[in-house]
Amino acid sequence: MSKQEIREKTILKMADLAKNKPLEKKRQELVIIDKLLRSEEWQMASSVGLTISQSIEFSTSDLLLIALEQKKKVYVPKTMPERQLAFLPYLSAEQGLIKSSYGLLEPSYDKALENNELDLVIVPGVGFNLNNNQRIGFGGGYYDRFIAKYQPRTVSLCLDVQNVTSEQWLDNQFDIKINKILTV
């Protein structure tokens, strides 16, 4: 199967889980969050990059609050020209967030983190191969470019329906592997 076919198939499964089995989705998220909070990557990080998730994605709302409660510096991505990402300070859900051209919530201001030096980036995705840490994203290459440029420590959080380990696909020259993938 091609990456695009895997992406489309997995997005449908993610949407089904979110719509028809929200309690199961929440159960999986809580198990994975517990693993993340106990991980060395999380415990050692003083600055964390987290996306503001869409409804079908792994929900980051609890993680955003936990990170702030733990006094971590929290940054969220903003799409920039030429398919680049910048991470900007996240203070609260009430701060000025706007919908990007992709329909994603992101900061309305442009004060980027200098040098984008983050201790840890929680990298979203559609599908993950748990054997070799390959990731299929939403298709824009934003995170691959960011990771290639800044080389932060990376962790992805994988719901059961996002585990595409049994599928085979070819990486392209821009695909970057994730350091660690956590699942139930």
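Placement of Cβ uses the backbone N, Cα and C atoms for every residue, glycine included.
Cβ contacts within 10 Å of Ile136 (ATP binding site), excluding its own Cβ and spanning all protein chains shown: 22. Secondary structure at Ile136 (ATP binding site), as computed by DSSP, is strand. Per TrEMBL, the feature ATP binding site maps to Lys3, Gln4, Glu5, Ile6, Arg7, Arg135, Ile136, Gly137, Phe138, Gly139, Gly140, Gly141, Tyr142, Tyr143.
Around Ile52 (substrate binding site), taking its Cβ as the centre, 19 other Cβ atoms fall within 10 Å, counting all chains. The substrate binding site feature in TrEMBL is assigned to Ile52, Glu57.
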Next item on the list: Round to the nearest Å and give the CA-to-CA distance linking Glu57 (substrate binding site) with Gly140 (ATP binding site).
Entry: 16
Notebook entry, point to check: When a 10 Å sphere is centred on the Cβ of Tyr142 (ATP binding site), how many other Cβ atoms does it contain?
Noted result: 17
Item checked: Cα-Cα distance linking Ile52 (substrate binding site) and Gly140 (ATP binding site), given in Å to the nearest integer -> 17
